[in-house]
Amino acid sequence: MTSANDKSTDTNVDSTQAEQKMAEKQNKLLSGIIERATKSGIGRKKLNPSAVESAVAKNMAEIHNNPTKLRLVVLGGGSFGTAMANLAARNGCDTTLWVRNKRTVKAMAKSQMNKKYLPGYKLDDRLKYSHELQAAVKDTDIIFIAVPGLAFRETLKSIAPFISGQSIVSLTKGMEKDTFALMSDIIKEELPEVNFGVMSGPNLAIEIMKNMPSATVIASESEPLRHAVQAALHSAFFRVFASDDIRGVELGGALKNIYAIAMGMAAAYEVGENTKAMILTRGLAEMSRFGVHAGANPLTFLGLSGVGDLYATCSSELSRNYRIGNMLGRGMTIDAAVKKLGQTAEGVNTIQQVHEKATKEGIYMPITHALHAVIYEDKAALGVALHLMEAGFRSDVEFVMEHDHSNASLTAQMQTANNQAKNEKTKPDNK
């Protein structure tokens, strides 16, 4: 005879087992979606957009048949690359961090720490490490590239023989020296068949490692890739937003470094809040002006990858470009400042590239030109700043609808509505 307690126990066991099975089913479904989302059927063979869409649809339809968790590799063991690899591993992704130096890999695996760039921050136990490029890249779904801009093209060439359907996401901010190419341009040149995206935002690596709430933007023309990156990195402390404006998101991440250097220099002179606000907002104006000229959506610069990244980089002493600017403001040469920093500050190269491009194309970039004069032409910073303040009159806000056009449009709409109302009144009564 079965007691009431026995029946209650059996019911609880059955309920627990059912919940476990449901959770397993949901996990399998999600992991399958993630993998299929990153597989758009693009290998070394060049496909047209409709074929890619068909491949994505086919893969999504097969999500129940071959579920597996997302497999990632992050190329580059700097602070941000390490932080992203750690975040993905913590989210349960099969994640490998590739670092070129074998000795560094052994040290990181042993200590579970990146002592050079993130000392004192323990990395997730599940994170794997490798110095062998082929082994790290093979059989992955997404390749995140977090190497300095100077090494970006060479890295793509190195992994080209091992690409067999993986998607690529650039974490590198800046422009290639001498070519003015953004990282997305380099991807299209070196691996034209690959599905790709770029990620950028106000992402100071140390704050991410401290679990301070942060957010970023993944930009790609591939919606499945955007969703996959969100699934891989999104957490209670790190939110991933999506965009399809690759140009705007990438330019925001590259151009803001210029104004971080300017803000660092200003801080060295102990300027007031008015001056800081002026540099920040006029820097944003330059970013959006340059971005629109390059084909970006000006509204993108009002988001995380624009004003968000600009604010974080310009207001934090953790920013490498801010620190470079601060050292320059205290009288150090650019070479000495870069050497003391010990890390790559992409803004130094970006200033030169944007100055040349803006001069050639006639884009109004006064702060950029002023920084170029100080860093590369050995001009006195205070003299250049005074010249900036004495520049001619300009409008404040750009990229808004002209008032005449706006009023004319509104007047036309009101007139149309008025005419329709009159017509309704003059219609004969059919009652």
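Placed from the backbone N, Cα and C atoms, the Cβ positions cover glycine too.
Some features that Swiss-Prot has for this protein:
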type: REGION; residues: 1-25; note: region 'Disordered'
type: COMPBIAS; residues: 1-19; note: compositional bias 'Polar residues'
type: BINDING; residues: Ser79, Phe80, Arg100, Lys173, Ala205, Arg320, Glu346; note: NADPH binding site
type: BINDING; residues: Lys173, Gly201, Lys256, Asp309, Ser319, Arg320, Asn321; note: sn-glycerol 3-phosphate binding site
type: ACT_SITE; residues: Lys256; note: active site, proton acceptor
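Of all Cβ atoms in the shown protein chains, 31 besides its own fall within 10 Å of the Cβ of Lys256 (sn-glycerol 3-phosphate binding site). Applying an 8 A CB threshold to same-chain residues 6+ apart, the list for Ala205 (NADPH binding site) reads Ser79, Phe80, Thr82, Ala83, Tyr117, Leu118. Cα of Arg100 (NADPH binding site) to Cα of Lys256 (sn-glycerol 3-phosphate binding site): a distance of 28 Å.
Distance between Cα atoms for Arg320 (NADPH binding site) and Lys256 (sn-glycerol 3-phosphate binding site): 12 Å, as a whole number. Looking only at Cα atoms, Glu346 (NADPH binding site) sits nearest to Asn321 among the binding-site residues Gly201, Lys256, Asp309, Ser319, Asn321. In sequence order, Pro202, Gly253, Asn257, Ala260, Leu310, Ala312, Thr313, Glu346, Gly347 are the same-chain residues whose CB sits within 8 A of the CB centroid of Lys173, Gly201, Lys256, Asp309, Ser319, Arg320, Asn321, the residues recorded for sn-glycerol 3-phosphate being left out. When each of the binding-site residues Arg100, Lys173, Arg320 is scored by how many other Cβ atoms sit within 10 Å of its Cβ, Arg100 comes out lowest. The secondary structure of Arg320 (NADPH binding site), as reduced to three states from DSSP, is helical. Burial estimate for the binding-site residues (Ser79, Ser319, Asn321): highest at Asn321, by number of other CB atoms within 10 Å.
Around Gly201 (sn-glycerol 3-phosphate binding site), taking its Cβ as the centre, 24 other Cβ atoms fall within 10 Å, counting all chains. By neighbour count, meaning other C-beta atoms within 10 Å, the densest spot among the binding-site residues Asp309, Glu346 is Asp309.
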